[in-house]
Amino acid sequence: MVKEPLDKSGRGARNHDVYAPRDAGKESGDSGFTHLPVLAAQVVEVFRNHQAQSGVIVDATVGLGGHSQRLLDELAWIHIIGVDRDLDALELAHTRLRSYGSRVRLTHGTFSTLAAAVAPATAVAGVLADLGVSSMQLDDPERGFSFRFDTPLDMRMDRSSGSMTVSELLESVTVEDLTRLFRQHGIGSLSSRYASAIKSALPFHTTGQLGQIVLEATPMRLRHGRIHPATKVFQALRVRVNDEVGELTQFLPTAFSLLECGGVLQVISYHSGEDRLVKRFMRLIETGGCLCSPRLGCTCGATPAGERIVRHGFVPDDEEARANPRSRSARLRALKRTRSDVSGVIDRYWDQVATWQG
Ligand SMILES: C[S@@+](CC[C@H](N)C(=O)[O-])C[C@H]1O[C@@H](n2cnc3c(N)ncnc32)[C@H](O)[C@@H]1O
């Protein structure tokens, strides 16, 4: 089953390899967590239409193995390298995918260590990232992702990393930092009110307490909307504690560089902040990073290195949105690599990306 640790990232990683055949038909595997992979039909179709040589697809957010299972069932020519930063998720993916034997290799790693995690593979047919948290992480009270339970405020996707929990983060940030974070996550004029209420209520350590503090800091007329007032606060803290912006910033060029020519990168995002970064990255690759005025024409010698597949991406139809409410805010974007040398355009990305944030 789970083999000896094989630490590619230097962070106590475990590697899971080849498994004997077994039933893997259930949507939830043996985990007890129900999970419907979002926009799965579209993900499969894009890879089907861009069958590249190696046949290796990296599922960089293997999670509960939902997308991987669908891809393995529908595309007989592929092998999957499944990566996740969450060891609990890898255990569940292992159970769900073991019937596919040597077609699957599961590895512990993060976006920022992706190249090491998928080594020795260096040129793959596809990379998929389904961003954010899984239903398992949200629904497991012990993980501290949700105010539906009253449990320690943790929210780390990788509890083996020794990184900061939300509880520790709240102790260490200033009211100004917290206000800025909330503003970046669309909390608007209530940002400083929430930040002050949270900081002055410390010390507290549970999700239930944080939910209650935010609720009490919310003006009465806004307390009973469709969405709980603490939803965005929890999302902002989760994004910060897992460095999701930094991870995505690293992931995009790394994943694109891993593709063989003709291979495809697919990314599903769930909020405008991450979708904006994905869109800008894909546009940069398509234009070669050219910043010349369209009126005067390009004089900088930029060379396009990819092509977007479906310009505005895919969103769930009504049927999927009804069947799987988590999919409602999802957008899938896909980009095909069209050049073998992408080093120039990746350099341009690193020059430009710092000006995109905030
Ligand atoms: C939305 S879930 C993926 C669900 C999966 N597609 C499925 O169908 O079961 C996102 C997963 O990505 C993982 N993840 C998020 N950020 C990551 C990162 N920077 N590096 C590696 N894994 C990450 C999370 O731990 C989580 O398991």
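Here, residue 1 is simply the first one shown, and the rest follow in order.
Using N, Cα and C of the backbone, Cβ positions are placed for all residues, glycine too.
From a predicted model like this one, the values you see are computed outputs, not experimental measurements.
Taken from TrEMBL, the feature compositional bias 'Basic and acidic residues' applies to 1-29. If you look up TrEMBL, you'll see 1-31 marked as region 'Disordered'. The S-adenosyl-L-methionine binding site annotation in TrEMBL covers Gly65, Gly66, His67, Asp84, Phe111, Asp130, Gln137.
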Checklist entry - Using DSSP, would you call Asp84 (S-adenosyl-L-methionine binding site) helix, strand or coil? => result strand
Checklist entry - Quick one: what's DSSP say for Gly66 (S-adenosyl-L-methionine binding site), helix, strand or coil? => result helix
Checklist entry - Counting Cβ atoms within 10 Å across all protein chains shown, which of the binding-site residues Gly65, Gly66 comes out on top? => result Gly65
Checklist outcome for this item: Row Asp130 (S-adenosyl-L-methionine binding site), column other C-beta within 10 angstroms, all chains, value 24
Next on the checklist: Measuring Cα to Cα across Gly65, Gly66, His67, Asp84, Phe111, Asp130, Gln137, which the record gives as the S-adenosyl-L-methionine binders, how far apart are the two most distant ones in Å?
Outcome noted: 19
Checklist entry - Reduced to three states, what secondary structure does DSSP give Asp130 (S-adenosyl-L-methionine binding site)? => result strand
Checklist outcome for this item: Using a 10 Å radius on the Cβ of Phe111 (S-adenosyl-L-methionine binding site), the other Cβ atoms enclosed count 23
